[in-house]
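As recorded in Swiss-Prot:
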COMPBIAS  150-163  compositional bias 'Acidic residues'
COMPBIAS  196-210  compositional bias 'Basic residues'
COMPBIAS  211-224  compositional bias 'Low complexity'
COMPBIAS  232-242  compositional bias 'Low complexity'
COMPBIAS  251-271  compositional bias 'Basic residues'
COMPBIAS  297-312  compositional bias 'Basic residues'
COMPBIAS  313-328  compositional bias 'Low complexity'
MOD_RES   Ser9  phosphoserine
MOD_RES   Lys18  N6-acetyllysine
MOD_RES   Lys54  N6-acetyllysine
MOD_RES   Lys92  N6-acetyllysine
MOD_RES   Ser120  phosphoserine
MOD_RES   Ser153  phosphoserine
MOD_RES   Ser181  phosphoserine
MOD_RES   Ser188  phosphoserine
MOD_RES   Ser193  phosphoserine
REGION    117-328  region 'Disordered'
REGION    151-328  region 'Required for nuclear targeting'
ZN_FING   9-40  zinc finger
ZN_FING   65-94  zinc finger
Amino acid sequence: MSTKNFRVSDGDWICPDKKCGNVNFARRTSCNRCGREKTTEAKMMKAGGTEIGKTLAEKSRGLFSANDWQCKTCSNVNWARRSECNMCNTPKYAKLEERTGYGGGFNERENVEYIEREESDGEYDEFGRKKKKYRGKAVGPASILKEVEDKESEGEEEDEDEDLSKYKLDEDEDEDDADLSKYNLDASEEEDSNKKKSNRRSRSKSRSSHSRSSSRSSSPSSSRSRSRSRSRSSSSSQSRSRSTSRERSRSRGSKSSSRSHRGSSSPRKRSYSSSSSSPERNRKRSRSRSSSTGDPKKRRTRSRSPERHHRSSSGSSHSGSRSSSKKK
């Protein structure tokens, strides 16, 4: 059997004898070389790749031959002489592994120890825990329980019948019957009554002092209000007098300004009129003087009237014109 024509298919098996190691077809039941029968120890062979064949070799146009094989894991095409894939190192012929479902960890399920446990009918389990069926029930017989209860009751009675002479139980009664003459029990009542009286007196004194202080505080407040009202009235009267004096001074200033305005209105006309000595002018002056010596109210009314002011100005102008004509 030449190596060129040797092809491994699925199901072929290897002889379990290490010296032989012959690869047999899947249909053989015994080794073809040593004659040893096929057993469960015989490992199955698996092809890691398949030959591409003549058709694919022709399509490659001389790049690959018909004996070249294609890897099943990475689909790489390898030469026929390679026993492993050039890309993923998958063997061309590999041993078929048994599918046991194990994870493949260290010593997994190889030497598993199964401890056989027998369920006992005892009260406690192997870990020392009380079983559920015995938790709410009394395990011992009723006679044992009664004996235990009797012993406990006897022990309590013995404790009660012990001598109590060593304990001084009557000391409290002796203390209650002791003489109380050394204690002044009535003094506390008298002190309480005295304290109450002193408190009442202090309260009455504080109230009277409070009323006096309030009356005193009210009297200066009333005097203050009176002084304030007086100061306000005096200030109002002063302000009124000041306003009247200001009005009078203003009226006097306005009168003097009107007089000065009249005197300075026509200086040339006055010069002309002074040169002319007319009897009419003298009469007017005498009339104005007599009016000035009279009542001030009449003088104010005459000075304020615009018609008379206009007449006097026209008269002065006529006198000036007459004097100028005489000079000519």
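For all residues, glycine too, the Cβ spot is worked out from N, Cα and C.
Secondary structure at Ser193 (phosphoserine), as computed by DSSP, is helix. Of all the modified residues in the list Lys54, Lys92, Ser120, Ser153, Ser193, the shortest Cα-Cα distance to Lys18 (N6-acetyllysine) is found for Lys92. Here the candidates are the modified residues Lys54, Lys92, Ser120, Ser153, and by Cα distance the one nearest Ser193 (phosphoserine) turns out to be Ser153. Within 10 Å of its Cβ, the residue among the modified residues Lys18, Lys54, Lys92 with the fewest other Cβ atoms is Lys18. Within the chain, the compositional bias 'Basic residues' (196-210) has no long-range Cβ neighbours under 8 A that lie six or more residues past its boundaries. Closest in space to Ser153 (phosphoserine), of the modified residues given as Lys54, Lys92, Ser120, is Ser120, taking the CA atom of each residue.
Taking all protein chains in view, 10 other C-beta atoms sit within 10 angstroms of the C-beta of Ser153 (phosphoserine).
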